[in-house]
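K.L.:
The structure follows.
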Amino acid sequence: RKPCGKNEVWTECTGCELKCGQDEKTPCALMCRPPSCECTPGRGMRRTHDGKCVPVSECPRKMPK
């Protein structure tokens, strides 16, 4: 397995990882996905568009239209 990056943990039964822009209430099917590194659960982390795990406060801001 590949080493996990900053703010990631190896998880045998991964769930739905939240991405920047998604909130805690985003629906998720309760099923295991293949083992992989995921953003540290329960710590308010989100996956950015370029694959990094960052705190919600560091998610890129959407530009107004």
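The first residue you see is number 1, and the count goes up from there.
A Cβ is built for glycine as well, from the same backbone N, Cα and C atoms used for every other residue.
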K.L.:
C4 forms a disulfide with which residue in Swiss-Prot, given the options C32, C37, C39, C53?
P.N.:
C37
K.L.:
Looking at Swiss-Prot, which of C20, C53, C59 bridges to C39 via a disulfide?
P.N.:
C53
K.L.:
Among the disulfide-bonded residues C4, C20, C28, C37, which residue has the fewest other Cβ atoms within 10 Å of its own Cβ?
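P.N.:
Sparsest of the disulfide-bonded residues C4, C20, C28, C37 by Cβ contacts within 10 Å: C28.
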K.L.:
Which ones, of the disulfide-bonded residues C20, C28, C59, have a Cα no more than 10 Å from the Cα of C53 (disulfide bond)?
P.N.:
C20, C59
K.L.:
What residues, ordered by sequence, lie under 8 A Cβ-to-Cβ from C16 (disulfide bond) and sit at least six positions away in the same chain?
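P.N.:
The list for C16 (disulfide bond) reads T26, C28, A29, given in order along the sequence.
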K.L.:
Which one of these disulfide-bonded residues has the most other Cβ atoms within 10 Å of its own Cβ: C13, C32, C39, C53, C59?
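P.N.:
Answer returned by the neighbour count: C39.
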